[in-house]
Amino acid sequence: MSGRTKQAIPSTPRVISPSPTPSEQDGTGQDGYSGPMTRSAARRRLATPLPVEEDIEEDESPELSRARTRSRSPIDTRKVAQLSPRKTSRMASSALKPIAAAAATTTAIATPNGSTGEKAPETNGHLSPPTPSLYYGWSWRDFSRSPSPLGLIPIHRHWRTFVHKHEVPRKALHVSIGFFVVWLYLSGTQTYSVCPYLMGALIPIAAVDVVRHHYQPFNRFYVKVLGALMRESEFSGYNGVIFYLLGAWTALYFFPKDVGVMATLLLSWCDTAASTFGRLYGRYTPRLRRGKSLAGSSAAFLVGVGTAVYFWGWLAPTKGPFPGDENFMFTGTLRLPQLLADAAGLAPAKATISGGLALGVMSLWSGFVAAASEVVDLFGWDDNLTIPVLSGLGIWGFLKVFG
């Protein structure tokens with residue numbers, strides 16, 4: 001008998017199935033036999049992970065269950081033990097909030113004892129009528145103009161571009177007040193004689209505004225009649241006319257004649273220019289603060305400069321003097337204070353400017369204070385109040401020092 005050892009022959013023939021059995025995953029058969037295999041096939045077999053064992057608890061919450069297919073592919077090696085609440089429902093509810101706010105109020109399911117079975121959905125309050133709790137109490141932020149939504153005032157829905165977007169009726173009223181002030185000046189009317197009429201209009205308008213906030217049927221009738229002159233934010237807020245009249249009254253009552261007239265003209269024309277050009281070109285320029293852009297402020301500055309040139313450079317010298325013009329603070333001359341002139345070593349003649357140069361300096365300063373008062377946020381007050389007050393203070397203080 002030969003001394004060579006014969007190779008072992010398997011007892012049973014090896015059958016290759018279409019899909020590998022668990023015993024074939026590790027490359028061995030029933031008797032440990034492993035057939036010939038190329039290196040590429042061995043790498044593919046090693047790269048294929050084992051099936052994932054998933055332990056699904058029976059008491060899991062339906063909110064924590066994750067939708068999955070019937071396939072148990074061994075390629076998916078992610079661990080499924082850590083489950084989190086589904087985000088689909090939350091994302092859908094957050095996306096539907098604006099739609100739910102615009103729709104009618106959802107009817108709750110009533111129970112036999114009269115209570116509601118479902119909680120009413122939360123809304124952002126922009127497109128729904130104000131609740132009675134909003135009518136009582138106020139804060140300084142009530143004076144500010146909030147973003148104007150669409151849907152509260154009927155005429156804003158029918159005339160979206162003309163009334164809601166560009167506010168043509170409101171701006172026409174805004175600008176017309178300036179021309180009315182010019183007419184009053186040319187007629188020789190004194191500023192102190194206009195103040196009682198402004199206060200006489202302010203008191204009933206403010207009283208009506210308070211009443212409409214306490215009675216919703218009257219509020220709906222009010223906005224139906226005067227909705228073209230209102231912003232939709234004024235549906236549950238105070239009307240801008242109140243602050244317009246209060247600002248004009250403050251400027252004409254407390255400041256000299258020319259300063260009061262100029263402050264009112266800046267309110268009428270600069271604010272309108274800033275709003276118009278800010279809405280048209282504000283998206284192309286840097287934003288100075290919320291709702292204020294460089295385009296709007298530049299327009300207010302240029303219109304303020306033109307208004308000062310028009311009033312002090314042409315209207316008052318050519319159409320005047322009228323009674324009360326002798327009390328003008330700006331008489332065409334500007335001079336440095338004596339303390340500054342002495343510190344700079346300037347003679348009185350060299351420390352004084354007059355004529356076109358003085359008018360140019362005064363016009364530039366008027367445009368600056370108009371733009372600054374339009375941009376600044378003073379306790380959140382409406383700019384119909386802050387523009388004439390701050391502009392009047394700026395011009396009055398400048399002329400007190402250099403006039």
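Including glycine, each Cβ sits where the backbone N, Cα and C put it.
Unlike curated entries, TrEMBL annotations are predicted automatically.
Record features (TrEMBL):
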COMPBIAS  1-10  compositional bias 'Polar residues'
COMPBIAS  52-62  compositional bias 'Acidic residues'
REGION    1-93  region 'Disordered'
REGION    107-128  region 'Disordered'
TRANSMEM  172-191  transmembrane segment
TRANSMEM  197-215  transmembrane segment
TRANSMEM  236-255  transmembrane segment
TRANSMEM  261-282  transmembrane segment
TRANSMEM  294-315  transmembrane segment
TRANSMEM  385-402  transmembrane segment
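Counting same-chain residues at least six beyond the ends of the transmembrane segment (294-315), those with a Cβ under 8 angstroms from any Cβ of the stretch are 182, 185-186, 258, 261-262, 265-266, 269-271, 273-282, 284-288, 330, 332, 359, 362-364, 366-371, 374-375. Tallying C-beta pairs under 8 angstroms between the transmembrane segment (261-282) and each of 172-191, 197-215, 236-255, 385-402 places 172-191 first. Residues 229, 244, 248, 252-253, 257, 260-261, 264-265, 267-269, 271-272, 315, 319, 322-324 of the same chain lie 6+ residues outside the transmembrane segment (172-191) yet bring a C-beta within less than 8 angstroms of a C-beta in it.
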